[in-house]
Amino acid sequence: MAAKEIHFSDIARGELFEGVKKLADAVKVTMGPRGRNVLIQKSFGSPSITKDGVSVAKEIELPNTVENMGAQLVKEVASKTADEAGDGTTTATVLAYNIFKEGLRNITAGANPIEVKRGMDKAAEAIVAELKKIAKEVKDKKEIAQVATISANNDPKIGELIAEAMEKVGKDGVITVEEGKSLQDELEVVEGMQFDRGYLSPYFVTDTEKMEAVLENAYILLYDKKISNMKDLLPVLEKVVQTGNKPLLIIAEDIEGEALATLVVNKLRGTLNVCAVKAPGFGDRRKAMLQDIAILTGGQVISEEVGRTLESATLEDLGQADRIVVDKENTTIVGGKGDKAAVEARIKEIKAQIEQTTSEYDKEKLQERLAKLAGGVAVIKVGAATETEMKEKKDRVDDALAATKAAVEEGIVIGGGTALVRAANKVNLDLCGDEKIGAEIILRAIKAPLKQIAENAGFDPGVVANNVENAENENTGFNAATGEYVDMFEAGIVDPAKVERVALQNAVSVASLLLTTEATVSEIKEDKPAAPAPDMGGMGGMGGMGF
């Protein structure tokens, strides 16, 4: 076991702070409409250019182990915010850094970290409650386009594309982003279905960068029981191999033991391009969803209830689809080869069930099934001139899409960091002592995103924050793109309420953990010995060189 180094109290927190500062300094330059790009060296290929906070944070590893721990914790804030809300990673990082900085100052001066943490949590809770009150529901295509435009770094074309995609498949529909083949961005709506079950083994992955299994022009086997014995599965696998080894997706209650191990081995050897996932849903709902997939893909559910065994399955029982994408959590089936009339009949049947049911839960689940069958999948194909530009643009479209979904979920608030300031100004907590100090830390740090946006645009952050706070109209904020104070809703500068909420909650969570840290334990980095000098023994003949 390697030797460890232990640091205590102010020294420990000081080193953690240095790490947090270094990460925040690299991330915060990307913030706002006039934020700058960050160039990231890759271990192979050309460097990547990004203005996405989480992409920058993910690349940062610091040589000092204690500083690196601080940086990694704040990196987690950015990643978690991106996972939950799809955007707001830079906001979360800037907030975490400023809360930690303000808190550290007070704790060094003698405040009790635990009491300070309590005050911080109470203030954050109160701000979140105010954000929910001022959030405005997203009603039309124009508002959706505004949110998407802001999240795509003020690219109105991407905003329009996402708004159009949402209009076509509905807010419950599935929208995926792919790399296009041309210079133009394109929108394609494909009949398809997505359900929340991912691959049973990462060895099924075909695209290691995205960690996805992509099956083109594939067969689909649907079985309503567990598969653990390989001999039951063998006859149908042999038939698939005889067709020219088309890819196969197996959907069953579960696949385990010998069956799963054999499938993985055959996949790795290249004998069979296969992927296995669990069937979606539970109980009767699982049977209904398997039947939905069967109708959509033109297959049959192999079920002992109708006298069919897995051994008796034929190629005619298998469904077919143009493209199947399976990641860790979801399976998307695009271009199912099912009969259109049968799909329409199934949709009518589900609609009738929705009208008849009295249970809200059942109604919600039926509507989900309806969206999967009727909504289809919208595919946004991103176009660009170079691979570097393509990656950067695709990241922006992914961000914008996630932010738009968040906006539809919890509504929108005025953007540019203004909503947090407005919500904080309405908070009135009756606290005392160190708890009050904790609350004040949050209320001061909450202005950091607004100030950072102003600073990146070349304006005095203090003056801008003061002008926004003292504005008569509650919707007045700072438009960093033009340098004007405007009605943010009218100007279309909006943020999803969920993004602001999640960014604040995650930032407070990590900053309070850092502030209550009293010791750090880290490995001592040993300097690697220099490589030995090459042996010069073979040069003995040079002795006769007299000068």
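Every residue gets a Cβ built from N, Cα and C, even glycine.
Keep in mind that this is a model prediction, so the values were computed, not measured.
As recorded in Swiss-Prot, the features of this protein are as follows:
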BINDING   30-33, Lys51, 87-91, Gly416, 479-481, Asp495  ATP binding site
COMPBIAS  537-547  compositional bias 'Gly residues'
REGION    528-547  region 'Disordered'
Field: Least Cβ-crowded entry, counting other Cβ within 10 Å, from the binding-site residues listed as Gly88, Gly416
entry: Gly416
- request: Take the Cβ of Gly32 (ATP binding site) and count every other Cβ within 10 Å, whichever protein chain it belongs to.
  value: 26
- line: Fewest C-beta neighbours within 10 angstroms among the binding-site residues Lys51, Thr90, Ala480, Asp495 belongs to Lys51
Query: What three-state class does DSSP give Asp495 (ATP binding site)?
result: strand
